[in-house]
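One structure is given below, encoded as C-alpha cells.
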Amino acid sequence: MAENFLQKLFQPSQRGKHWWIFVFVIILTLIAGLIDFGQYYNKAVARYKLPLPQTKEIPFRLGLDLLGGTQLVYQADVSAVSATDRNSAVEGVRDVIERRINVFGVSEPNVQVNKTSGGDYRILVELAGIKDIKEAIKMIGETPLLEFKEQNPGVRQLTDEENQQLADYNKQAETKAEEILGKVLSGGDFAALAKQYSEDEKTKEASGDLGWVTTNDQPELVELAKKIPVGKTSTDLTTSGLGYEIIKLEGKRDKTDAFTNQPVQEVKAQHLLICFTGATNCESGLVKEEAYEKIKKLKEQANAENFVSLVKQNSTEPNARETGGDLGWFDHSAMVKPFADAVFAQETSTISDIVETEFGYHLIFKQAERKIEEYQIRHILVKTKTEEDIIGKQSEWKNTELTGKNLTKAVVEFNPNDNSPEVSLAFDAEGAKMFEDITIRNVSKPVAIYLDGYPISVPTVNEKISGGKAVITGKFNIQEAKLLAQRLNAGALPVPINLVNQQTIGPSLGQKSVVDSLRAGIIGFLIIALFMILFYRLPGLLSVFALLIYSLLVMAIFKLWPVTITLAGVAGFIISIGMAVDANILIFARMKEEIASGKPLAKSIEEGFKRAWTSIRDSNISTLITCFILIQFTTSVVKGFAITLALGVLTSMFTAIFITRNFLTLIPSQWLENKHWLITSGKSANNK
C-alpha cells in the first residue's frame with residue numbers, strides 16, 4: 001500500500017500531474033500574496049497572536065511622479081576628455097552625484113546617464129521626497145573634489161587662557177538661561193519670550209515652534225518632553241548639543257504614514273560593522289573577501305550577552321569602542337534601505353544574518369520595537385560654546401598640496417606576477433614631485449585618498465615613489481578595482497556639469513495620482529471580469545481567477561526586482577491586464593469553434609490552446625520587441641512604462657497558457673459534456 005502511494009506521488013498519472021501543477025500554482029499564489037501584502041499579514045499575526053512566523057515586508061519603489069520630489073537633468077561637458085575616456089568619465093561623475101545625494105537621506109535616489117543622438121551626455125537625477133532642493137542643486141553641481149591626505153601628527157589642546165574664556169562664556173549663557181526660565185515660570189508668555197530671547201535663528205520668528213518632531217529629530221528635547229504634561233513647560237534647564245534649553249510641550253500623538261495612515265514603527269538596535277576597501281567612509285584596509293570571512297566568524301560567536309563586547313573589539317565603525325555600536329531608536333527612513341529592511345523584518349532580541357550595505361558588512365542586534373510618538377514642542381535656546389568652536393574641527397588626517405588636478409589618469413591594470421587587478425595612477429610633472437615628497441615623509445605609513453570629503457582608499461606607502469606613477473594594490477577583485485579607478489577619475493578628469501532642466505512634483509499630487517491609478521485599475525479589472533464571465537461563462541470565470549493570480553504575481557515581481565513604479569508604469573501594468581485577457585479570448589474563441597465543429601470537449605480545449613498559441617506568441621513577441629526598443633533608447637518615464645508592460649506580458653503568457661489551461665483540464669470532461677451552456681451558447685455537432 002505504501003509503495004502504491006509513493007508510486008502515485010512520484011509517478012502520477014496525467015491527471016495527477018495536473019493536480020500537482022494546481023498545488024504549485026496555489027503555493028506560488030500564496031507566496032506572491034505574502035510578498036504583496038506582507039505588512040497586513042504581519043499586523044494580523046501580531047494582533048491576533050497567531051502561531052505563525054513574520055514575513056519580510058518589501059515596499060514598492062515609487063517613482064517621482066507618485067512619491068513627489070524633484071527631477072534634475074544635467075549635461076556633462078566632455079569636450080576636454082578624450083573620446084575613449086568619455087564613458088568612464090561620465091560614469092565616474094554619476095557615481096559621485098549618487099554618493100553626494102545619499103548625504104541628504106533621499107529614499108531610493110535614481111541617477112542615470114543617457115547619451116543623446118547628438119552625442120551629448122545627460123545625467124538624470126530623480127530625488128524622491130527631497131526637501132531642500134536649492135542645497136541639493138548646489139551639492140550636485142560642484143566638480144568632484146579629489147584630495148590626498150597624510151596623518152595629522154598632533155591635535156592642539158586649548159590654552160589656559162582659552163579654557164578660561166570658554167568657562168566664562170558658558171557661565172554667562174547659563175545665567176541668561178536661568179533668568180529666562182524664571183520669567184517663564186512666573187507666568188510669562190512662552191511664545192513671546194521665545195521670539196524675544198531664543199538664539200535659534202531657524203525657529204525664533206515662529207516663536208520657538210519646532211513643529212511635530214520625534215526622538216530621531218530632536219533626541220534631547222523629546223526625552224525632556226516625555227516627562228512634561230501637554231500644555232506645560234520644563235521647570236529646570238536642560239542642555240542639548242547647542243546650549244541651554246527651555247521647552248513647552250504643545251501636543252503629543254502617534255506618527256502615521258502619509259499614504260496608509262497606519263502608525264509608523266521604530267526600532268532600537270546595536271550593530272557591528274566590518275567595512276572593506278571601496279565601501280563608503282572605510283579605512284579598515286580589508287578587501288571585501290577578508291571582511292566577509294571576518295564577519296562570518298563573528299556571526300558564529302555572537303549572542304545577546306557578548307554582542308557589545310564583540311562590537312568594541314572588532315567593529316570598524318568610528319567610536320565603536322565608546323558606543324558599543326548603539327544606534328538608539330530610529331525609523332525605517334533613518335538607515336540605508338538594506339539595513340532598514342533587515343532590522344525591521346527580524347524578531348526582537350535576535351541577531352541578524354550578515355547584511356551588506358554601501359558601508360560594509362553588518363550584524364544587527366534588534367533590542368526593541370515600538371510605535372513612534374510625535375511631539376509638538378516650542379523651545380528657547382541659549383547657545384553655549386565648545387572646544388571645537390574655539391579650535392575648529394580637527395581630523396586625524398591633514399591636507400597635502402596634491403589634489404585631483406594633478407592626477408592625469410587612473411586605470412585598472414593586472415599584476416604580472418599573480419595577475420591580480422590593481423589601480424595605476426599617473427600624475428603631471430608638478431604632481432609627481434609633490435607625490436614623491438609625500439611618499440618620502442610617509443614610508444610605512446598610510447596615505448588617504450579622499451573624494452568629496454570621504455576616504456575611498458587608504459593605501460600604505462611601502463617605499464619612496466618617483467617618476468609620477470604609482471600603483472594601489474590590496475587584493476581587489478576586478479569590480480572593486482574598476483570602481484576605485486572610476487572614483488579617482490571622477491575627481492581627476494575635467495567634467496563640468498550644467499543644470500539644463502528642473503521639475504518639481506509635490507507629494508499631494510503624487511498621492512492623488514496613486515489613488516486615481518488604483519481606482520482606474522480596479523474599475524478596469526471589474527469591467528473585464530464582468531465581460532469575461534457574461535460572454536465566456538465558465539472559462540471566463542476561470543480566466544478571472546487566473547487574472548487575479550496574474551496581478552499578484554506581477555506586483556510581487558515589481559517588489560522583488562525592484563521596479564520603480566511610475567504613473568506611466570501603472571499604465572503599462574493596466575494595459576498588460578487587457579493583453580492577458582486578450583490571450584484568453586483568442587483561446588476561448590478557438591475552443592468555441594472546435595466545439596461547434598463537433599469535437600469532444602477535452603479535445604476542443606486542447607485544440608483551442610494549441611491553435612491560439614501561435615497568434616498569442618507572435619503578438620507578444622512583437623510587443624516585447626517594442627518594449628526592448630523603448631527601454632534602450634528612451635527616457636526614464638517611457639522606460640518605466642516599457643519595463644512594467646514587458647514584465648506583464650511575460651507573466652500573462654504564463655497565466656493564460658499555463659494556469660487557465662490547468663484549471664480547465666481539472667474540471668471533469670464528462671460532467672461538462674452535458675453542460676455545454678457553461679462554455680458556449682451554441683450546441684455541438686454531436687448534439688444536433
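Note: Cβ is positioned from N, Cα and C throughout, glycine not excepted.
All TrEMBL annotations are machine predictions without curation.
The model shown is predicted, which means the values in this text are computed figures rather than measured ones.
Annotated domain 'PpiC' per TrEMBL: 158-251, 264-368, in sequence order. What TrEMBL records for 20-41, 518-536, 541-561, 567-589, 641-660 is transmembrane segment.
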*Using DSSP, tally how many residues of the domain 'PpiC' (264-368) sit in helix, strand and coil.*
38 helix, 30 strand, 37 coil
*In the domain 'PpiC' (158-251), how many residues does DSSP call helix, how many strand, and how many coil?*
44 helix, 17 strand, 33 coil
*asked:* If we skip the immediate neighbours and take only residues 6+ beyond the ends of the transmembrane segment (518-536), which ones have a Cβ under 8 Å from one of its Cβ atoms?
replied: 543-544, 547, 551, 570, 573-574, 577-578, 581, 584-585, 588, 679
_Remote residues contacting the transmembrane segment (567-589) - C-beta distance under 8 A, at least 6 residues beyond either end_ = 63, 65-66, 513, 517, 520-521, 524-525, 528, 532, 536, 539-540, 543, 546-547, 550-551, 554, 558, 608-609, 612, 615-616, 619-620, 623, 637-638, 640-645, 647-649, 651-653, 655-657, 660-661
*Across the domain 'PpiC' (158-251), what is the average pLDDT of the model, as a whole number?*
91
